[in-house]
Ligand SMILES: NC(=O)C1=CN([C@@H]2O[C@H](COP(=O)(O)OP(=O)(O)OC[C@H]3O[C@@H](n4cnc5c(N)ncnc54)[C@H](OP(=O)(O)O)[C@@H]3O)[C@@H](O)[C@H]2O)C=CC1
Ligand SMILES: CC(=O)[C@@H](O)[C@H](O)COP(=O)(O)O
Ligand SMILES: [Mn+2]
């Protein structure tokens, strides 16, 4: 029986992970489940699966969680330290599916124990890639990518020599506004940005898909996970989201990973690795699909891609600044304080201001990244982003 923990269990990836675990219930012992505001879901899943521990990130909700778990035998806890403690409980396999930079510290704790980390939380590699990879090396833990494109690259690379890889192509659906004229984007609403054409995901990543910030994060994630040079990473618009990534080799071959837009494939691959087992995903009917389309991204409409390249060239703490500014820009958009097209200029302005700071420049190489330095820079970048958002609002 494998001992598993799911960080971010109440979210989209977390629920898909639990769906797979339920289908093979006797094969798993659930060590810990974590969530945030959704106490009813967290408690129901923890009861049903007999979890040892359930943790909410929100300390104010501990009473509700305790009430919901009364008599179940499931331990209840709350807050950041409790999340880290849950992640550090001995387990064979830990799903990292908290959204945002909040997922970094718990993921590192899990890696320190030597557990296999199934990594959906792309922000961990964007904010602190060298630190995360070093933590895995130090304990001998394995990281398995769960982001669909990175799972696709990982699968295409199986048995291949990295020295023969010339390029990696990450596909992008183009998001909710793929077919909108550029001039309409300034009036895009939160509700419109929250509709993904192909994937059913949490609201934040869905809006990031519309702004192409999701793809920007994924470029950095690919660089950190696979050790690629920035120039080897390409983005290709593919509206059907059936090819998730392609890997190019020195003999001209391109290996494409094709599959339905269902995260249970990538999650299940990481759960069963190194084996392949049957998964409850639909078989693709390519004849019925008929046509797979591809086109180059319009970089004028997607400044996030240019910013990602600048962040990769900069290295060090630039990823932490970029991610923090993006997270706050998204908060401000969702709250209606800034428009959709103001997010990228806000992030660019924060990068410019913060990269001029000596603390950011000092960590350029990435070798001396620590969790404290990343957290400190994240905090400053969020403050800077709030200031820039106020300036944007005042300008009107
Ligand atoms: N959804 C998808 O298909 C994919 C997602 N990813 C990545 O996986 C991660 C999760 O995405 P997704 O499942 O869509 O996100 P969701 O918003 O659906 O779920 C996020 C999870 O994190 C919890 N959470 C939110 N804020 C905090 C916090 N500050 N501290 C601790 N826990 C918190 C939520 O709790 P609660 O809901 O109870 O408040 C929930 O359990 C992201 O990094 C995303 O980029 C990558 C590829 C595909
Ligand atoms: C499922 C997954 O991995 C998402 O990151 C997805 O790729 C988002 O779609 P976009 O291609 O629209 O960003
Ligand atoms: Mn993805």
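Yeah, the Cβs are placed from backbone N, Cα and C, and that goes for glycine too.
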Residue from 75, 218, 224, 234 that TrEMBL also lists as binding Mn(2+) with 147, 149: 218
Binding-site annotation, TrEMBL, NADPH: partner of 10, 11, 12, 13, 36, 38, 121, 123 in 79, 174, 175, 202: 202
C-alpha spacing of residue 147 (Mn(2+) binding site) relative to residue 10 (NADPH binding site), in angstrom: 17
Sequence-ordered binding-site residues from 10, 121, 122, 147, 214 with Cβ under 6 Å of an atom of ligand 2: 147, 214
Inter-residue C-alpha distance, residue 147 (Mn(2+) binding site) and residue 122 (1-deoxy-D-xylulose 5-phosphate binding site) (nearest angstrom): 7
Contacting binding-site residues, sequence order - 149, 196, 218 vs ligand 1, Cβ under 6 Å: none
